[in-house]
Amino acid sequence: MSTQSDRSRVFENVQAARALAALAVVAYHIGVLPFGQCGVDIFFVISGFIMSYVAPGEGRGFLPRRLVRILPLYWLSTLGVYFIAMFSPHWLNTTTAGAVYLVKSLLFIPYMKANGHWGPLNLNGWTLEYEMFFYLVISLAMLLVQSRFATTASAVLLATYCALTASIKPSNPVVDYLGQPFLLEFGLGVLSYWLLQWVRTECLPQWSSLTLAVFSLATMPAYFYLHGAPNGFTRTLAYDIPAFVFIASLIALEMRGWSTRSYLTDGLGAASYAIYLLHPYVVGILEKLLTIQPDLNSWRGASATLIVIVVVCVVGVICHVFVERPTVAYLNRQFGRRRTPAAGPA
């Protein structure tokens, strides 16, 4: 599927999937897309694929490059939330400032808040705790196996850990928290990478891949409306496997020469990390300043929905262009790294 020289390529269809996933999560959080949480599952599958694609060419530089990609915007947003919680807590709902919370959030150490909910200071940073866990396991696997098999070994280890957690029910809450079935989604992304290595995509008609992509995407809302929101391993069947088929089909289409080729989807896909991390706070500010409530039950609510989504996207793109991208580029220059392919926010 690739050579060593093109490991930094950007898959346009994957960028479009990132944009779709980010907008689905935004719509879920503003209450207009009840199944939009599946965007997280799509992000994790994408991560498994992209890590399998880039890891063989990065070797020992794998973890530093992931940190350069993930840390700057996450740390900035986390510090921002911390100082808002400290000096203007009325802008936040349940987030409270605390030195221990801050340190654990910055280091991706899961913890339970006083209100009984898990999650770091940045509300959406919980997915990064699983991402960083995946990256750490890959880095350790690289010490034991060839780099091209590191993500495969990691997927097996994480699946084993997930199965043991489900069967043993560890008393340590952090061990139990990190062993959730979300880990399987990275493995499905790894599987999509190897599947596309083995399958001769040039023999597949484009319509078949397109049909699979559309059908798999449609099964997620179909399951939700038939059975409600899935949890635990049920989510693996309802969201994870469709996300795997969706991503594999999109990449197969691109390998056959069909891609979105859209400035809009490319731009939103590139900014999806910023959109994902920042949107709860952008939405919160809009709701407090403009006293608008997004919904799809009235023209006023629909207008509010459109305004919120557009503003969230604009803020995310601005943050990506003027903060995230320059910071990552600067750090790459400082450490002598080439451009780091994005793994996505989740």
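Each residue's number is its place along the chain shown, starting with 1.
A Cβ is built for glycine as well, from the same backbone N, Cα and C atoms used for every other residue.
Automated prediction, rather than curation, is the source of TrEMBL annotations.
In TrEMBL this protein carries:
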DOMAIN    14-315  domain 'Acyltransferase 3'
TRANSMEM  20-46  transmembrane segment
TRANSMEM  67-85  transmembrane segment
TRANSMEM  133-157  transmembrane segment
TRANSMEM  177-196  transmembrane segment
TRANSMEM  208-226  transmembrane segment
TRANSMEM  263-282  transmembrane segment
TRANSMEM  302-323  transmembrane segment
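Using the rule of three or more Cβ pairs under 8 Å, pairs at least 6 apart in sequence, the transmembrane segment (20-46) is not in contact with the transmembrane segment (133-157). Taken together, the residues of the domain 'Acyltransferase 3' (14-315) have an average pLDDT of 93.
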